[in-house]
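Quick notes on the structure that follows.
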Amino acid sequence: MTSVPLTHNQSLPADWRDLFALTKPRVMSLVVFTGLCGLLAAPVPVHPVLGFAAVLCIALGAGAAGALNQWYEADLDAKMKRTASRPLPAGRMTRQTALHFGVGLAVFSVILMDLAANHLAAAILAVSILFYVLIYTVWLKRRTAQNIVIGGAAGAFPPLIGWVAATGDISALPVLLFAIIFLWTPPHFWALSLFVRTDYANAGVPMMPVVAGVTSTRRQILLYTLPMIVAAIAPWAMGLTGWVYGAASIALNTIFLVLAFSVFANKQTEPKQMGPEKRLFAFSILYLFGLFAALVVDRWVIA
Amino acid sequence: MSPQPEDELGPGPGELPRPEDELIRKRQRERARVLALLLGAFVVLMFGITIAKMTINQ
């Protein structure tokens, strides 16, 4: 479809499929999965309907944050190939529609979480939406190369919310789950930003490869991988999980470390020659799915 | 009171609707259907949450 920058036929209502696309469904799948795993890893039984409602609220909250992110970043999205076909930059929707949809969805998800689970889970959900929209999107993303490091906290909330929805309190394991995703975000996102850095540079987004260069970003990917590995192995080392999680964690972290080292060793600067970066990015998604799946298997199957 | 612009009046008696009008109606119908489904699902979910909370409290 031809891109029409930020113009829209005011008389034409937005297609519901575009409203759905505004919620970033692909990103939402990982958020829902980690939230569900946080809920299932909790040491208390959860009523299936309430558990479903809690995970639905996490999904709706993530969708609201995604919609508000696209509302605010419509100008940036229009400048990047990867995002130019989204509903707002492609001119298929007004910004006001996206804003109303995002705010409505956010309020609805928090109220429903409060009704279905508890006040603490609803409060953390509200904080995670506000953190993603205000701290990451509005404040950090256009100002500092550390945007992903601090903003990564927003994506780390779902397992914590899932756990709190089930138990009503916070303990060591959900904090470690938060830390794993928080420390996983920089290597994951910087691997992507290395091979799409031209897009970010054209849009004026100060991502790490644009500001600090390719070599420095590769070194930082490796450096952030080390504390991530410590956080990922800690639940088993501290006796909070069983051997299934321990074995899966050691295997997945070993592969992650090898791939991060191959990124560090790569000297190519052309995106087409960034095979190690693309492999690390693809594996990092599998890594998170595998680690959290192992946590649930450990809790439900082995226990 | 000033008269409405001609293109806001819509098709007159016996006139065919413009293709754009048809697209607007189609979008409105689709959104109404999706909204109806979501509202129905919401009612079922609220019913389920209420029953679940009552079960837990007993």
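The backbone N, Cα and C atoms fix where each Cβ goes, glycine too.
Straight from TrEMBL, the features:
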| type | residues | note |
| --- | --- | --- |
| TRANSMEM | A:27-46 | transmembrane segment |
| TRANSMEM | A:52-72 | transmembrane segment |
| TRANSMEM | A:93-113 | transmembrane segment |
| TRANSMEM | A:119-139 | transmembrane segment |
| TRANSMEM | A:160-184 | transmembrane segment |
| TRANSMEM | A:221-238 | transmembrane segment |
| TRANSMEM | A:244-264 | transmembrane segment |
| TRANSMEM | A:280-302 | transmembrane segment |
Contact check, the transmembrane segment (A:27-46) vs the transmembrane segment (A:119-139), 3+ Cβ pairs under 8 Å, seq sep 6+: no
Segment-segment contact (the transmembrane segment (A:52-72); the transmembrane segment (A:280-302)) at 3 or more Cβ pairs under 8 Å: no
